[in-house]
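Residues or ranges marked as disulfide bond by Swiss-Prot on the basis of similarity to another entry: 60-161, 65-121, 75-168, 88-140, 127-170, 134-172.
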């Protein structure tokens, strides 16, 4: 396994390449802020998010772990893919990013507040290289897609809805 491959989001460096970590103090601040949002919302009906009254969470809360599915973060529909001859094998797993770089390249703390009941999951689609599905002259390439995640701005002590890139699918390209 490539330890420097993204753990969740396309532009997130792997363990060896990480320069930023989210401290416990920051996690506590976020938990408290999310708990406040949950309190404002009161009791939630079945199937409704505790957070849907908050504009940022309403716009951006689609990746809540309890409701997200792998197909939500695929770049395209399931096989057969019309625009690619074939697809390399893909391993999917859900992943909870705690930080990332936005589509504009800015470092952000992504909201994960398990105690308050709000966790965000994206599905990571990793190509299994070394497959012969691409024939002898092709190679697996990764598509990119965007997801909108709830982030926390420590300076302003507020939530934002921001765009991140995820990798998904592994089409074959002949080069």
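The backbone N, Cα and C atoms fix where each Cβ goes, and this holds for glycine too.
Features as recorded by Swiss-Prot, highlighted on the structure.
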residue: 60; record: disulfide bond; CB count, 10 Å: 23
residue: 65; record: disulfide bond; CB count, 10 Å: 14
residue: 88; record: disulfide bond; CB count, 10 Å: 22
residue: 121; record: disulfide bond; CB count, 10 Å: 23
residue: 127; record: disulfide bond; CB count, 10 Å: 21
residue: 134; record: disulfide bond; CB count, 10 Å: 22
residue: 140; record: disulfide bond; CB count, 10 Å: 21
residue: 161; record: disulfide bond; CB count, 10 Å: 15
residue: 170; record: disulfide bond; CB count, 10 Å: 25
residue: 172; record: disulfide bond; CB count, 10 Å: 20
Completion exercise
disulfide-bonded residues 121, 127, 134, 140 vs residue 168 (disulfide bond), shortest C-alpha separation belongs to 127
Handout entry: Cα-to-Cα gap, residue 65 (disulfide bond) vs residue 170 (disulfide bond), nearest whole Å
Key = 23
Practice task
By CA-CA distance, flag whichever of 88, 121, 170 among the disulfide-bonded residues is nearest to residue 60 (disulfide bond).
Solution key: 121
Practice task
Specify the nearest of the disulfide-bonded residues 88, 121, 161 to residue 172 (disulfide bond), where nearness means the distance between Cα atoms.
Solution key: 88
Practice task
Give the helix, strand or coil assignment DSSP yields for residue 134 (disulfide bond).
Solution key: helix
Completion exercise
residue 60 (disulfide bond) falls, by DSSP collapsed to helix, strand or coil, into helix
Handout entry: Candidate disulfide-bonded residues 88, 127, 134, 140, 161, pick with smallest Cα gap to residue 121 (disulfide bond)
Key = 161
Handout entry: disulfide-bonded residues clustered about residue 127 (disulfide bond) [Cα within 10 Å; pool: 88, 134, 140, 161]
Key = 88, 140
Practice task
Measuring C-alpha to C-alpha, could you say which of the disulfide-bonded residues 134, 161, 170 are within 10 Å of residue 88 (disulfide bond)?
Solution key: 134, 170
Completion exercise
Rounded Cα distance in angstrom between residue 170 (disulfide bond) and residue 134 (disulfide bond) is 10
